[in-house]
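Asks: I grabbed these lines from TrEMBL:
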COMPBIAS  218-235  compositional bias 'Basic and acidic residues'
COMPBIAS  236-248  compositional bias 'Polar residues'
COMPBIAS  260-269  compositional bias 'Basic and acidic residues'
DOMAIN    272-346  domain 'U-box'
REGION    210-271  region 'Disordered'
REPEAT    371-413  repeat 'ARM'
REPEAT    413-455  repeat 'ARM'
REPEAT    495-522  repeat 'ARM'
């Protein structure tokens, strides 16, 4: 594959996998601009398709050509082609939309971008809708994963669509994804119907062909340097899904181009920032410029994040870095300082307030000592163990205090560095690192950044082999991250569940609580229930139910109530003699425990006559009758339903 916008040739499955990995690399370097959160969400959803594509690749490798009917082969090729094109568009649009600056560009530009986001999101969801799972022998877990991504894309389209008619969408979407959507026939009708305020809730998938800092006098536009060498600009803009430079809609609803459109919208006295003062990655004014081995200069936090993600090439030149040393560029820093003073611009090193875009599209004002936080984050990469230990301890303290601190610490690029410290040989550094990640995960937007930093494998390793405090906080972190549905799948597949079950059995009181809450949340996803069963969770839960000193009865019942609908769980629970324990709880338990016990028994007995007969034989009718009269509303419903099943059994 020659370039990011080149036509995908060869095996579409391999091409799609390469595109997904490209998106992951773009994500690892971090996003900026007004659509930062939206690019993060889209990148996470695209990354979830990797498992699907890997299974399709493996299936095609094992398949003989004669095994596939011609019609099925044609249908499969069409699906893979559509999906590859959609992912290709997503990659291209992510790489540019991540740096869209709403302060520079007009509201009209945002509206046009949001419309194309709707179209591309819809197209990606439609491509996944044409997937025939049985023809590729897709596993049940991956099917659920794909359905989850589809549902999220569908909700995104519905949320942002508003009054935008299906006619308008269908007309726009009738055009190929790799071509620019022609808005001319739609005119003001399209632009007026867009709800820009909802942009934060959708996946923005458009490539903005406008320079962050336009040059005056009609000079050639400054090209955006992509962090991925395959993310090249198309040679023919008509064959791309990009918004053309400085397009505008006139009063008659026709599209016109005006190269000076952005200049007119800028303040007349706003000075143009010299190109050399921009970081090639973030395209923002540098505050701490550093030189890498190739001689290129970058903002320290961005190039450090790039290196921490395992990259060993220069983002701009793609040359291999002979070493990873970052040398401060004091000359350039001095020039930036002088330029800021000359033009009466506040120097970036002194910024203490800012605005962060929230997931709902609104903005949040944040305040804090950004310079101090960034200095701390830089120390996380120090060669000195003592300096790293002190820095991570301070970050743990700061991240505990306020949401603003959690935002600023993440913005400074701390998350990938903290993840790298999870494998530290220093126990205190490891404990403080995982606790810092836990604190940062409380802020919703940071959850995606933590997942994109590939934190889960390292967190699971700490859960298995760390100190007790580190294991406790690892479990709590997994619970926090698992609140997002797609994360339940990733965490479950990482080997976390056996480690959580072990902590549930042998951990401290707090560790057991943290493990229980994480397991409950993870087992909401059907694919994780089987993993929990194979990890021996039923034995651990039964011990919790029968150990009077454990004080974990409520937690055990809550987890069992989620597991009881799983076929394997029904068999395991019955074999473990849990039914008798549940009936005893119907008689002597607290109201909530009685409620959960009745719910579990009902799940066990549905379509399993053997379990129903066992419940009847062990004397459950009397406590169930009492519960149906005096229990909570939910307990009454469950008890009454179970009694009806018992009556039907007696009539047989």
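Each residue, glycine too, has its Cβ placed from N, Cα and C.
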Asks: Limited to the repeat 'ARM' (495-522), I'd like the whole-number average of pLDDT.
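Replies: Averaged over the repeat 'ARM' (495-522), per-residue pLDDT gives 94.
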Asks: Mind checking how the repeat 'ARM' (413-455) divides into helix, strand and coil residues in DSSP?
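Replies: When I sort the residues of the repeat 'ARM' (413-455) into the three classes, I find 34 helix, 0 strand, 9 coil.
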Asks: List, by number or range, the same-chain residues at least 6 past the repeat 'ARM' (495-522) whose CB is under 8 A from its CB atoms?
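Replies: For the repeat 'ARM' (495-522), the nonlocal Cβ contacts are 456, 459-460, 463-464, 468, 471-473, 475-476, 478-479, 482-483, 488, 528, 531-532, 535-537, 539-540, 543-544, 550-552, 555-556, 558-559, 562.
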Asks: Can you count helix, strand and coil residues in the domain 'U-box' (272-346) using DSSP?
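Replies: Taking the domain 'U-box' (272-346) as a whole: 25 helix, 12 strand, 38 coil.
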